[in-house]
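Below: the structure, in structure tokens.
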Amino acid sequence: MEKPPLNSTTLARTKSDQLVETLAAAFKSPTQSDQAPGTSDSGGTLSRKSSRRLMMASPGRSSGGGKNTHIRKSRSAQMKLDMEELSSGAALSRASSASLGLSFSFTGFTVPPDEIADSKPFSDDDIPEDIEAGIRKPKFQTEPTLPIYLKFTDVTYKVIIKGMTTSEERDILYGISGAVNPGEVLALMGPSGSGKTTLLNLLGGRLNQSAVGGSITYNDQPYSKFLKSRIGFVTQDDVLFPHLTVKETLTYAALLRLPKTLTKQQKEKRAIDVIYELGLERCQDTMIGGSFVRGVSGGERKRVSIGNEIIINPSLLFLDEPTSGLDSTTALRTIQTLQDIAEAGKTVITTIHQPSSRLFHRFDKLILLGKGSLLYFGKASEAMVYFSSIGCSPLIAMNPAEFLLDLANGNLNDISVPSELEDKVQMGNSETETRNGKPPPAVVHEYLVEAYEAKLADEEKKNLMSPLPLDEELKLKVSSTKRQWGASWWQQYCILFCRGIKERRHDYFSWLRITQVLSTAIILGLLWWQSDSKTPKGRQDQAGLLFFIAVFWGFFPVFTAIFTFPQERAMLSKERAADMYRLSAYFLARTTSDLPLDLILPVLFLLVVYFMAGLRLSAAPFFLSMLIVFLCIVAAQGLGLAIGATLMDIKRATTLASVSVMTFMLAGGFFVMKVPVFISWIRYMSFNYHTYKLLLKVQYQDMIPPANGLKTDNGVKEVGALVAMIFGYRLLAYLSLRRMKL
């Protein structure tokens, strides 16, 4: 193709400029009262959402059969238009700006749909249906909810970093102000380490308020415990039980979190409704999955996390980077879900790292952070206009989110340099000049902070002072200090007990664990095959077997139980922060739901060993031996729970447990018969010692002379010691969990 002459190019550019002026004039039309020309035959006006969903406003899409036909027509017309413009040299800039989401929609004003159809190459309806989403419901249930207006003014936050000898105070946030109303989606943007997650946690009441400066109000009231039941908080990592199905996960959340006024059937129906609202019906009977368990996809897992929170119909919904790790289509579906939630009267705040241009246009408000400072707060659609007004404009077609993140990082590559900063570079100051002639990031950051303070900060703070359209009763309702539990203590215990059994039955009945126990039992049975208890030497051999049983069923449960609370810490913190249940109900359900599962493997073990080794063949000794082993397991499990809950670190807990179990084994009464007086107290703390003595008494109580110098009493002291350990260790574990910082 020959290069067009200069006058043709100039003419094409003039034509393009005229198109820009026409669209700019259309943008200036009022958004609420004036009717956009050509919107519909009925003369209706475009809503606030229409300005954000420009790509969905094309006419002629009412019938399902004509939808694909219209897409083909609009695309063919688009290609034809592009081919015509290509000859005049104007298509390149237009196509690149439109495809990158820069087609003049930053201001967010209404545009006639017929012009949109010609100015946008694709629409949201052209996005292929998310296969994993199934048939998606268009809108969320618009249930009545308490409207909450969130305001925060001059919020600061600092942390104390403790070293070996000194402690250092570090500022994380510097005077952040903003507000978000019901029906709006506020996006917190900024590079990594800018303070997005910290600000989100502060607004959601998830951080210690003593280190917070400034004010955060909910309907002009400070944070209270009542808000825990009105806030949904979706963490960046999907904290879910891997062995529960999607339906089970949401059903348990509904049973625990929905108000007591609803029946069990109504709560279960609400869980099913959420499954269909989020398009999860196709995978509702699939396990969530995890690192070593196959389950649902990443997008479905994220939707389950969102469903866990929206199931309570929250007034405030916080999300920490909900699109991280998702493909562009799934990310768009997720943000569309947030829009639907906001339209139902909820207040939505989300952090987002680097959204696509389509995602960026769906936010109502935007906070841009850089190094903990506020660089912009206002309408997302007006962000580009603001930065252009202070001299920062993209020199090439660019995703607005990329442009804003470059600014927040102090990177002015492909971005115009404001005249104030150019003056510093031209003055030849070696401290501010860089190799490519651009000012360094620190200078850019300082300029952006000062520009926001000078141009927008005062106006936004005045807006924060304006009164809320709420009566005093609604305002005061937020300040209630009374917690709202979704179920009684007994109901919480029953629900958590059932959930615990369903989640951990896979671990207890794994082939690895069953093989481990049965193979050990068979080896013991072969080594002590039909041993003789009538001679002193035979009894001594059997005593070794009984001691090994006491050690094995003391060692095994300790190293299973120490992982319990460290592994569930994230889940416990998340659910306790949302006031899903009382800690006492969780603790009792967690410890008792293990008991039925813990009893099955020891029964199989003893059935094999007891009869192969030829121990006393009568019912009473067999069942007493089983009861003693069960007491030993529960006591050892209590020690593991106490160590795990106290340290909350698997490495340190494993080290301490190893030392403790080894000490208890050595003091168990088999290796050393006569222990020095000053250290003899250790054996009374050893569950191995008490279990071993009880097993000997059951087997040889009627023997003369008694085995190993055994006293022929009824063993009440040993049973009492084991029972004391069972409750004492668990009490220590519970108190450790109470003092755990959420």
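Along the chain as shown, residues are numbered 1 onward.
The backbone N, Cα and C atoms fix where each Cβ goes, and this holds for glycine too.
Residues annotated as region 'Disordered' in TrEMBL: 24-75.
What TrEMBL lists as compositional bias 'Polar residues' is 29-48.
Annotation source TrEMBL lists domain 'ABC transporter' at 150-396.
Annotated transmembrane segment per TrEMBL: 511-531 (among others), in sequence order.
What TrEMBL lists as transmembrane segment is 543-566 (among others).
The feature transmembrane segment is assigned by TrEMBL to 587-613 (among others).
Within the chain, the transmembrane segment (619-644) has long-range Cβ neighbours (under 8 A, six or more residues past its boundaries) at 549-550, 553-566, 591, 594-595, 598-599, 602-603, 606, 610, 650, 653, 656-657, 660, 687-688, 690-691, 694-695, 698-699, 719, 722-723, 725-730, 732-733, 736. The transmembrane segment feature in TrEMBL is assigned to 619-644 (among others).
The annotation transmembrane segment is assigned in TrEMBL to 656-682 (among others).
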Positions on the same chain near the transmembrane segment (656-682), where near means CB under 8 A and six or more residues out: 543-544, 547, 550-551, 554-555, 558-559, 562, 639-640, 643, 647, 688-689, 692-693, 708-709
Contact set, same chain, for the transmembrane segment (587-613): CB under 8 Å, 6 or more residues outside the stretch: 492-494, 496-497, 499-501, 504-505, 508, 513-514, 517-518, 520-522, 524-526, 528-531, 542, 545, 549, 553, 557, 561, 564, 568, 622, 625-626, 629-630, 633-634, 637, 641, 730, 733-734, 737
Positions whose Cβ lies under 8 angstroms from the transmembrane segment (543-566), at least six residues beyond its ends: 520, 524, 528, 531, 572, 590, 594, 598, 602, 605, 609, 613, 629, 632-641, 643-645, 647-650, 653-654, 657, 660-661, 664-665, 668-670, 687-688, 691-692, 695-696, 699, 707-708, 733, 737
Long-range neighbours of the transmembrane segment (511-531), counting only residues six or more past its ends (CB under 8 A): 538, 541-542, 545, 548, 552, 601, 604-606, 608-609, 611-614
